[in-house]
């Protein structure tokens with residue numbers, strides 16, 4: 001019985017840690033997993049240097065996409081959403097750095 005309790009405690013702790021990383025942008029806070037999903041929806045290679053102004057067209061497409069996580073809907077309605085999405089895409093492209101708190105925008109990591 002004790003090994004089972006230890007395993008369950010470990011699994012719960014692991015689940016809490018993986019959901020703990022938050023990315024903060026423009027007064028909003030998003031789970032890192034949602035930011036990774038956003039990068040997929042944007043369909044932009046963020047490792048290539050681009051202008052945030054070019055992201056304007058993809059913002060409308062992303063915000064109307066039914067697969068967009070609901071946590072981003074308030075951001076879609078905010079002023080400056082294109083720049084925020086651009087910065088979130090940049091963080092998502094380097095999510096491994098976010099998981100070790102190399103970005104100031106990432107909180108809750110170990």
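Keep in mind that glycine also has a Cβ here, set from the backbone N, Cα and C atoms.
Noted in TrEMBL for the protein shown:
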- 1-20: signal peptide (SIGNAL)
- 63-76: disulfide bond (DISULFID)
- 98-106: disulfide bond (DISULFID)
- 101-109: disulfide bond (DISULFID)
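DSSP assigns residue 76 (disulfide bond) to a helical segment in the three-state reduction. Sequence-distant contacts of residue 63 (disulfide bond), defined by Cβ-Cβ distance under 8 angstroms and a gap of at least six in the same chain, are 72, 73, 76, 81.
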